[in-house]
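Asker: The structure follows.
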Amino acid sequence: MKLNLKASGVARQLTTLAKTVAALSVLTACASSNTATVSSAMSKANGVFLESQTKITNGALHFDGKKLNHNTFEKPSLGPEYDYFFGKNISAHGDAVKPYKHYVFMTWYKGGKEQRNVMLSRFNTKTGVVKTIQFPHRHTGFRGNPLVGESHNTIGLAVSPKNGTIHMVYDMHAYVDDDESGRFKGRFVDDFFRYSFSVPGAADVPDDEFTLEKFVKDTSEVSQGTDDFKHLTMTGNLEDKDNFSALTYPKFYKSKEGELLHYMRWGGNNNGAYYFNKYDAEKQVWTRFTPFNHKDQETHGNAYNWGLYGQMKYINGKLRVGFQQRSANNNDRYKYQNGVYYAYSDHPDGLGDWKNVDGENMTWPLVDSDEIKIFEPGDYIDHQEPNSVHIVGGFDWTVTENEDLHFITHVRSTNTKRSDYKEVSIHAFKPANAKDFTVTTDFTGADSIYTSGDSIFIIGLKNGYPFVEKAKGGTNEFEVVYQQTSGVKFDHGTIHIENGKAYYYLMEKGAGNSLPLHLQVIDLGVSR
């Protein structure tokens, strides 16, 4: 594999926004209706349009206080403001929205600071009803302190097409059993993993029957009481509990055959592994976790330990992994991440037959990440001093149904005040029939990249309003095909794409730690 480089100091110019705008009425499940304005000429020409907008709640949790650090997190505010560690977002964040038949399911935490309950909403597109279940569990907070918000503690969500069960994994950040002398001070003994699931058919019940009673209580020896819906393992066997320790970032996927897969990160930022498991709908139980790569890589012969920042995805019938590496070597050029790495499995469940981007067999579980490295974004900045290159955020990847492979990443100088400061956004892509990657800096950057059909999309917010850019798979020829220009302004959101539609789950801009959530369904104009 070779890299074809197309560097450019000039970012691509976005397509001029359309000349004509028209107000579109928006469907809402609330008493008051909302209106959004989008470019009508742009939307009509590309077949991309806002299908509906629905308010899900008026009060979801958001962190509105000060960002704390390792020197200040033990002294959070005792007032109404909600201080936090890492980021402000916890609702409409992570793997929080999934369509199923004529329903859309969404997870969130209840606002404000004193509430924090795990919540599950179901929007019935036929009746227009949003029905919400409140769970007893409340957001744990950073290292078990509920006064410090923790943005990593997202709520992963899935619905099984095979039996209509609902699955949620939530509110954890590498928690383990420890004692008073440990990092978590014994706060997570027999409570370090949180899994909730429903009885079969719960996803399909009438609106008035969608209640907490459809979920299965924990009656095991580690149950925390009669209203405990949290299970310590996904296998139903407490002897497996060590397999469910120290995990973060739950994410579910569904195969074309309706099988559910799930993965999480085991370990920490610079010493971690991706673990995945599968749901057996007939037995109504999940398998134990299987590693994609080994943690503690030095003990397996590698020169250093490393962690993963990216995603495992199930696309086109294959389990795939794309990530950037965070090395435990703190004296190299990279302050945080480096590299672009990719692998896929030809086994339907990912249990072997793993290959690099060129189709060559790799070691499984992986130890030496260089076996699957594609290129080094840090090479686009020539700084050589330790920790001088900053790569955080702006990384994602996808594969079209034609097998066009795309990666995006962002790199800059760590010191923003240095005289030779550099900042570069990169798009690397390989069309399905091409042997080599094209790597271009003629790219304005993005946080995520998506696919539907043979097209790729960048979807996000501009001035608080959703926009969509589209390009043909295997190219860098993006154009703006949708831009909302008025209506509710949003702070952030998370996106799930399925059957040619983007389910954009959004938090409204506002003040305080209890803010509204909305669901926009955007038709991407993809034939299906």
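Heads up, the Cβ atoms here are built off N, Cα and C, so glycines get one too.
Residues annotated as signal peptide in Swiss-Prot: 1-29. Taken from Swiss-Prot, the feature N-palmitoyl cysteine covers Cys30. If you look up Swiss-Prot, you'll see Cys30 marked as S-diacylglycerol cysteine, on the strength of sequence analysis. The substrate binding site annotation in Swiss-Prot covers Ser151, His152, Tyr309, Arg326, His390. Feature annotation from Swiss-Prot assigns active site, proton donor/acceptor to His152. If you look up Swiss-Prot, you'll see Asp218, Asp228, Lys230 marked as Ca(2+) 1 binding site, on the strength of similarity to another entry. Under the heading site 'Neutralizes the sugar carboxylate group at subsite +1', Swiss-Prot lists Arg265, citing similarity to another entry as support. The Ca(2+) 2 binding site annotation in Swiss-Prot covers Asn329, Asp332, Tyr334, and the record cites similarity to another entry as its basis.
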Asker: When the number of other CB atoms within 10 A of each residue's CB is tallied over all shown chains, which of the binding-site residues Ser151, Asn329 has the maximum?
Answerer: Ser151
Asker: Say you check the Cα of Tyr309 (substrate binding site) against those of the recorded positions Asp218, Lys230, Arg265, Asn329, Asp332; which is nearest?
Answerer: Arg265
Asker: By Cβ count within 10 Å, point out the most packed of the recorded positions listed: His152, Lys230, Arg265, His390.
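Answerer: When each Cβ's neighbours within 10 Å are tallied, Arg265 tops the list.
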Asker: Including all protein chains displayed, how many Cβ atoms other than that of Tyr334 (Ca(2+) 2 binding site) lie within 10 Å of its Cβ?
Answerer: 24
Asker: Using DSSP reduced to three states, classify His390 (substrate binding site) as helix, strand or coil.
Answerer: strand
Asker: Comparing the binding-site residues Asp228, Asp332, which residue's C-beta has the most other C-beta atoms within 10 angstroms in this structure?
Answerer: Asp228
Asker: What's the CA to CA span in angstrom from His390 (substrate binding site) over to Tyr334 (Ca(2+) 2 binding site)?
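Answerer: One finds 6 Å between the Cα atoms of these residues.
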Asker: Give me the long-range Cβ neighbours of Asp218 (Ca(2+) 1 binding site): same chain, 6+ apart, Cβ under 8 Å, in sequence order.
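Answerer: Result: Gln224, Asp228, Phe229, Lys230, His231, Leu232.
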Asker: Between Asn329 (Ca(2+) 2 binding site) and His152 (substrate binding site), what C-alpha distance do you get in Å?
Answerer: 24
Asker: Give me the Cα-Cα distance between Asp332 (Ca(2+) 2 binding site) and His152 (substrate binding site), rounded to a whole Å.
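Answerer: So the Cα of His152 (substrate binding site) lies 27 Å away from that of Asp332 (Ca(2+) 2 binding site).
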Asker: Are there any residues in the same chain, six or more apart in sequence, whose C-beta is under 8 angstroms from the C-beta of Arg326 (substrate binding site), and if so which?
Answerer: Asn269, Asn270, Trp306, Gly307, Leu308, Tyr309, Tyr336, Gln337, Asn338
Asker: Should Arg326 (substrate binding site) be counted as helix, strand, or coil on the basis of DSSP?
Answerer: strand
Asker: Neighbour count, 10 Å Cβ-Cβ cut-off, for Tyr309 (substrate binding site): what number do you get?
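Answerer: Total other Cβ atoms inside 10 Å, all chains included: 17.
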Asker: To the nearest Å, how far is the Cα of His152 (substrate binding site) from the Cα of Arg265 (site 'Neutralizes the sugar carboxylate group at subsite +1')?
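Answerer: That separation, Cα to Cα, works out to 11 Å.
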Asker: Using the Cβ center of Asp218, Asp228, Lys230 as the Ca(2+) 1 site position, which other residues in that chain lie within 8 Å, going by their Cβ?
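Answerer: My list of surrounding residues reads Ser196, Lys217, Ser223, Gln224, Gly225, Phe229, His231, Leu232.
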Asker: How many Å separate the Cα atoms of Tyr334 (Ca(2+) 2 binding site) and Arg265 (site 'Neutralizes the sugar carboxylate group at subsite +1')?
Answerer: 22
